[in-house]
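K.L.:
Here it is: the structure, laid out below.
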Amino acid sequence: MSETTSSNEENKLPLNGRRAIPLNYSNDEENEVPEMEAFGLIPRGFNPRDYLRVVDIYMFKDPHEINKQEHHTDKYYNPKLIVRRGQAFQIQIDFNRPYKPETDQFWLEFLMGRYPQQNKGTYIPILVGNVLKPGQWGAKIIHRENNSIRLSIMSSPTCIIGKFRLYVAVLTPFGILRTRRNSATDTYILFNPWCQLDAVYLDDEKEREEYVLNDVGVVFHGNVEDIKSRSWSYGQFEENILDACLFLMDKAELELSGRGNPIKICRVASAVVNSRDDNGVIAGSWNNMYDNGVAPSAWTGSVDILLEYYSSKQPVRYGQCWVFAGVFNTFLRCLGIPARLITNYSSAHDNNANLRLDFFLDDEGKVDTRLTKDSVWNYHCWNEAWMTRPDLPVGFGGWQVVDGTPQETSDGMYRCGPASVQAIKHGHVCFQFDAPFVYAEVNSDIFYTRMEKNGTQVVENIDTTRVGQLIVTKEVGGDGMKDITEEYKFREGSDEERLALETAVMYGVKKQSIQDTTYQPQTDIDMDFQAQKAILGNDFKVTITFRNKSRNSYTATTYLSGNIVFYTGVTKREFKKHSFSAKLEPSSSSSFDIVIKSSEYMSDLLEQASFHFFVTARINETGKILAVQKAVVLEIPTLRIKTKGELVAGKEASVIVEFTNPLKQTLENVTLRLEGPGVLRTIKKQFGRIPMNSTLTWEVKFFPMRPGLRKLIASLNSDALRHVYGELNVQIQKP
């Protein structure tokens with residue numbers, strides 16, 4: 001196609017000794033395509049109107065018409081044709097006279113980018129034939145009437161995805177006549193999980209409806225003993241979101257010719273979703289300071305974030321793991337790659353990927369925050385995307401971990417994945433990309449190590465079961481939770497688990513064996529720690545229980561440290577210290593209660609209301625140390641949402657959001673957000689303050705857009721209280 005470029009255009013190309021044509025990574029840029037491409041001198045009497053000429057092209061692009069219905073793209077709020085690759089679609093061409101196959105010759109041309117080339121898949125000429133062959137581009141006439149013909153066009157199941165420009169070219173003796181540039185005939189081609197030849201083919205219809213077509217999801221958070229959930233609006237079909245997602249690939253400078261490969265797309269997207277090192281979509285912030293930005297907990301979905309980035313081209317402030325994962329999920333589903341959001345409870349953030357998290361204790365058995373660099377996140381969210389992995393041995397296709405949260409660099413950039421879940425489970429961490437890091441997140445052991453005065457390290461305790469003890473995602477077709485831990489790891493303590501670990505170590509995951517360290521734990525005493533269900537703003541109690549299984553009497557010097565932490569396990573402040581001596585009688589249990597007062601924690605509480613308790617006990621008779629740690633998350637009050645009257649698409653309706661302030665203080669700088677994909681665009685309202693025990697009521701009038709079962713999602717954000725959510729399922733009637 002490059003030969004059609006006029007000569008003055010050729011002169012404008014920047015000189016480059018390595019390649020004749022510059023890199024092509026903008027889906028938006030275009031080249032000039034001549035309407036008359038002459039073969040030589042044109043005789044004076046030549047009149048293009050004497051030949052077959054295209055009068056109009058009809059794309060069947062309305063949501064109720066055949067193309068969007070058959071290609072499952074009728075939900076996109078986009079006036080142009082959107083089809084999925086590897087599947088036939090139809091267009092109609094109206095000529096100035098009846099088409100005569102014996103003498104007339106025309107073909108179609110799909111172009112993408114500024115420098116279309118056939119060998120790069122950015123210039124696709126399609127001749128009209130008699131049959132369509134699956135697996136390759138082609139077109140055939142399926143209906144002729146008067147001056148019109150209807151074509152069925154087949155795209156290749158490996159073609160690049162994005163927005164193509166369509167031209168119809170007619171051959172005349174003196175040159176090629178083309179249709180004018182007409183953006184109304186632009187065609188988006190997406191991945192096709194319904195097509196067996198596509199790399200993202202998924203064979204279960206219910207799963208396709210969930211992982212590609214569902215525009216609302218659930219984020220599980222809290223901690224493993226106290227799982228909390230909230231809805232997230234993906235909104236992959238909302239207006240301009242498809243263009244925003246294509247822009248992300250331009251921003252990541254992924255060459256157009258690589259955009260048919262879901263592996264490449266996931267890898268560059270995991271870098272561009274975060275703003276580290278490439279000015280990507282979301283700036284992360286974990287320090288509870290969100291000036292000149294939106295607190296991560298205030299977002300209710302991805303749409304506002306993607307649209308703000310698409311228009312400003314600057315990172316949107318601020319996100320934490322579930323925000324990165326929510327936006328990444330929107331991107332994947334929008335392009336047609338099946339995707340789901342995953343939560344790993346007690347996720348290891350292991351700074352040197354040695355499958356060992358080191359918590360250093362001082363002489364008293366307290367954790368030394370100065371020396372301790374590793375942390376256990378209460379939970380961490382990432383994504384899985386479904387695809388084949390032709391770059392790996394057979395058996396490693398299917399779900400792949402991709403993570404847009406910036407934690408560690410991979411090949412010099414903050415990105416992670418795609419890593420095969422199957423490879424992680426079996427310990428085959430040698431296969432690209434970033435499998436050792438994910439393996440450590442779900443499999444690390446916690447070592448409690450005491451530093452002696454002379455610098456030697458004594459391992460006092462090892463916890464092998466806490467990290468990655470529960471991995472979940474939203475169930476298919478409902479809002480419940482599905483436990484997928486077994487997809488990542490074998491049962492704790494089983495032979496298969498041991499073998500997977502040995503395999504991972506063989507492939508270079510560093511693991512210090514316990515034999516390296518002198519470690520003889522106290523086995524005849526168990527220590528357990530439980531916390532009462534706690535509501536934000538109230539007192540609650542915690543209980544330490546010892547079980548002495550021996551015939552000896554012991555005394556234990558016990559130390560409890562209560563810390564206010566970020567959900568990443570990083571401490572902000574120790575708010576409770578308590579030590580006592582416990583007498584442990586032979587063959588018996590003893591429990592000790594400690595009350596935690598709201599006045600001790602309220603002033604410094606962070607937005608996810610997370611505490612972290614360390615309990616260490618030294619058995620005085622043997623000098624051995626028992627250690628246990630536990631995360632506690634407070635109950636945060638919720639928003640109440642209700643609607644008035646019946647909801648009909650296109651008719652005015654009203655929704656009411658209510659909130660009662662449960663704290664013993666006034667809430668300042670209160671912001672409410674409300675959104676619902678297919679129901680209403682995000683609405684924000686600022687309220688100055690809510691005095692204690694008083695109720696705020698907010699009524700919003702709106703016009704529901706689409707009929708069907710939909711979800712309204714609301715959030716409240718204030719200086720003293722965040723992570724307040726509410727949601728409501730609504731049935732919108734047809735008009």
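Note that Cβ sites are derived from N, Cα and C of the backbone, with glycine treated the same way.
According to TrEMBL, the feature active site maps to Cys321, His380, Asp403. Residues or ranges marked as Ca(2+) binding site in TrEMBL: Asn443, Asp445, Glu492, Glu497. TrEMBL lists 313-406 with the feature domain 'Transglutaminase-like'.
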K.L.:
State which of the following recorded positions has the fewest other Cβ atoms within 10 Å around its Cβ: Asp403, Asp445, Glu492, Glu497.
P.N.:
Glu492
K.L.:
What's the CA-CA gap between Glu497 (Ca(2+) binding site) and Cys321 (active site) in angstrom, rounded?
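P.N.:
The separation of the Cα atoms works out to 28 Å.
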K.L.:
An 8 Å radius from the center of the Asn443, Asp445, Glu492, Glu497 Cβ atoms defines the neighbourhood of the Ca(2+) site; name the other residues of that chain inside it, in order.
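P.N.:
What remains near the Cβ centre is Thr464, Thr465, Val467, Gly468, Lys489, Gly493, Leu501.
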K.L.:
Whole-number Å only: compute the distance from the Cα of His380 (active site) to the Cα of Cys321 (active site).
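P.N.:
Counting only the Cα atoms, the answer is 6 Å.
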K.L.:
Give the sequence-ordered list of residues that share a chain with Cys321 (active site), lie 6 or more positions from it, and have CB atoms under 8 Å from its CB.
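P.N.:
In sequence order, Trp377, Tyr379, His380, Cys381, Trp382, Thr405 meet the Cβ cut-off.
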K.L.:
Quick check for the class: what is the C-alpha distance, in angstrom and rounded, between Asp445 (Ca(2+) binding site) and Asp403 (active site)?
P.N.:
22
K.L.:
Quick check on the domain 'Transglutaminase-like' (313-406): DSSP residue counts for helix, strand, coil, in that order please.
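P.N.:
Residue counts for the domain 'Transglutaminase-like' (313-406) by secondary structure: 15 helix, 41 strand, 38 coil.
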K.L.:
How big is the Cα-to-Cα gap, in Å, between Asp403 (active site) and Asn443 (Ca(2+) binding site)?
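P.N.:
Spelling it out, the Cα of Asp403 (active site) and the Cα of Asn443 (Ca(2+) binding site) are 17 Å apart.
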K.L.:
Relative to the Cβ position of Asn443 (Ca(2+) binding site), how many further Cβ atoms are located within 10 Å?
P.N.:
24
K.L.:
Among all protein chains shown, how many Cβ atoms are found within 10 Å of the Cβ of His380 (active site), not counting that one?
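P.N.:
The Cβ of His380 (active site) has 28 Cβ neighbours within 10 Å.
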K.L.:
The domain 'Transglutaminase-like' (313-406): mean pLDDT?
P.N.:
91
